[in-house]
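For reference, the structure is listed below as structure tokens.
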Amino acid sequence: MTEIDAYDILVLGGGKAGKTLAMDQAKAGKRVAVIEAGMIGGSCINIACIPTKALVRSAEVAETVRHAGSFGAKGGDVPVNMHRVAARTAEVVADMVDFNRRAFAASGFELVIGWGRFVAARVIEVQSAGGPRRLTGERIYLNLGTRAAIPPVAGLRDAGPLTHVEALKLDVLPAHLIVVGGGYVGLEMAQAFRRLGSAVTLIERGPRLAAREDDDVAAAIQDLFVADGIEVAMGEEIASVEGRSGDHIAAVLADGRRLSGSHLLVAAGREPMTRDIGLEIAGVDLDERGFIKADERLRTSAPGVWALGEVAGSPMFTHVSLDDYRVAKSGITGGDRTTKGRLIPSCLFIDPEFARIGLSEREAERSGQAYRVARLPVDVIPRARTLSKRVGLMKAVIAADSDKILGFTMLGAQAGEVLAVVQMAMLGGLPYTALRDGILAHPTMAEGLNMLFGSALSAHR
Ligand SMILES: Cc1cc2nc3c(=O)[nH]c(=O)nc-3n(C[C@H](O)[C@H](O)[C@H](O)COP(=O)(O)OP(=O)(O)OC[C@H]3O[C@@H](n4cnc5c(N)ncnc54)[C@H](O)[C@@H]3O)c2cc1C
Ligand SMILES: NC(=O)c1ccc[n+]([C@@H]2O[C@H](COP(=O)([O-])OP(=O)(O)OC[C@H]3O[C@@H](n4cnc5c(N)ncnc54)[C@H](O)[C@@H]3O)[C@@H](O)[C@H]2O)c1
């Protein structure tokens with residue numbers, strides 16, 4: 001019989017929520033272990049947010065150099081060294097992994113590297129370098145994450161498509177990249193590779209890019225992509241894929257048209273890492289999509305087992321995974337924090353950025369409440385002119401019967417930073433007039449908020 005090591009806190013999967021909880025609880029004197037398959041620090045720093053934003057930065061520099069002449073500097077269409085781009089991305093990742101590794105060690109939790117699976121209700125077996133080990137915890141937290149879903153399209157899997165993981169390591173520039181999916185991953189990657197110098201075709205089967213956004217916002221993003229020279233194929237179903245990514249590949253559409261390229265990147269959504277790890281033995285129920293069913297305190301159907309981050313069905317952002325840690329910690333310390341009613345910001349790192357907090361106009365309409373809308377083209381903000389970044393819009397949704405801000409959307413330079421200003425106003429319960437009348441520094445992009453909230457509000461419903 002293999003011995004079972006017992007811990008106060010056992011975390012399976014070291015994502016943002018799990019690693020933060022582990023460090024916190026280890027520092028508080030608990031006996032804590034984290035079982036992690038191999039990505040020290042989880043997907044954000046290894047294969048997701050951080051390397052994509054490093055790639056996006058390389059693309060931004062290439063684009064700036066390309067247009068340097070108009071700013072009076074010497075530039076032009078200089079070739080991009082993808083070997084260096086990939087190396088820089090890897091350096092940024094390595095630094096953060098190292099930082100995490102040291103923080104883990106300093107906190108005092110035990111990091112067990114290996115693939116974990118339940119072998120009994122509260123027992124996880126790990127296949128680690130030193131042979132199999134069994135661990136149990138008074139409290140067990142599952143922070144397993146997701147991976148790129150490969151749609152069941154004939155020939156797609158056999159074509160060896162790239163996902164974000166491989167695309168971030170490419171040290172040759174794809175001559176022509178086909179991107180399947182116009183969500184967050186597809187949009188960031190499509191524009192980055194276009195600006196690095198690839199021809200890019202983006203295929204989205206739905207009616208709009210960034211599916212959850214309002215039509216005018218999605219159309220503005222599409223215009224931006226078309227202006228960048230990206231071929232955008234909307235509302236198209238891929239019937240089959242022929243060839244191999246990295247060589248020659250073609251997406252054959254339902255109407256028989258062929259969209260050909262050299263590489264194909266799949267960015268068509270995510271699937272949870274819940275298969276074949278004995279969750280049924282653990283008594284952890286899944287929903288119809290395979291995500292762990294968790295309540296507002298992130299409790300699963302198994303007593304003493306919680307789920308955190310994407311695998312728990314939480315919105316797929318690192319800052320939400322971090323908040324799941326706060327909810328989990330509150331459960332340990334007797335607090336009452338839950339996942340209900342969270343105000344969750346999002347920022348899409350295209351150029352210019354897209355950001356949203358609270359309700360979109362469509363969501364406000366669906367909610368049935370009376371509301372007003374304010375709109376502003378970014379072009380009228382002085383800072384947008386000094387930056388030569390005049391594309392985009394700001395949009396706010398305000399309650400009709402009070403001055404409460406219900407939502408804010410921006411496509412424009414530094415949208416993620418401007419968003420935080422509105423978010424703080426919303427968190428503080430400030431009326432929209434505070435942003436209309438507050439003295440904001442000139443010339444900043446945030447100054448546009450004075451104009452946005454000072455503009456005529458059109459009433460709805
Ligand atoms: C390309 C891309 C870009 C993104 N960019 C952003 C961004 O800019 N901003 C943002 O907020 N969000 C971004 N996201 C989303 C963000 O990465 C995730 O929401 C975030 O990392 C939270 O993940 P998590 O905590 O749920 O789990 P993860 O960080 O995915 O952690 C899960 C961990 O569990 C491990 N694991 C899984 N199964 C097992 C097992 N059986 N045994 C042992 N270990 C296991 C995995 O190795 C992994 O390390 C991006 C996602 C992608 C794909
Ligand atoms: N900046 C950020 O914060 C950031 C960046 C990347 C990812 N993320 C997170 O990761 C999540 C997942 O991103 P994602 O882009 O993989 O998924 P997504 O769900 O956001 O978008 C997937 C898109 O692919 C389309 N699609 C699916 N199957 C298709 C097919 N066969 N042909 C053509 N199109 C198809 C869908 O209609 C959808 O528009 C995001 O929702 C986001 O929460 C965040």
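Backbone N, Cα and C atoms are what each Cβ position is placed from, and that goes for glycine too.
Together with GLY181, GLY182, GLY183, TYR184, VAL185, GLY186, LEU187, GLU188, GLY269, TrEMBL lists one candidate of GLU204, GLU213, GLU288 for binding NAD(+), that being GLU204. By the rule that a residue counts when its Cβ sits under 6 Å from some atom of ligand 1, the recorded positions CYS44, CYS49, HIS442 yield CYS44, CYS49. Note on the domain 'Pyridine nucleotide-disulphide oxidoreductase dimerisation' (344-449): DSSP counts are 37 helix, 31 strand, 38 coil. Separating the Cα atoms of HIS442 (active site, proton acceptor) and CYS49 (disulfide bond) is a whole-number distance of 31 Å. Ligand 2 lies under 6 Å from the Cβ of GLY181, GLY183, GLU204, out of the binding-site residues GLY181, GLY183, LEU187, GLU204. Each of the recorded positions CYS44, GLY181, VAL185, LEU187, HIS442 was scored by how many other Cβ atoms lie within 10 Å of its Cβ, and the smallest score goes to HIS442. The binding-site residues under consideration are GLY183, GLU204. Their Cβ neighbour counts within 10 Å are lowest for GLY183.
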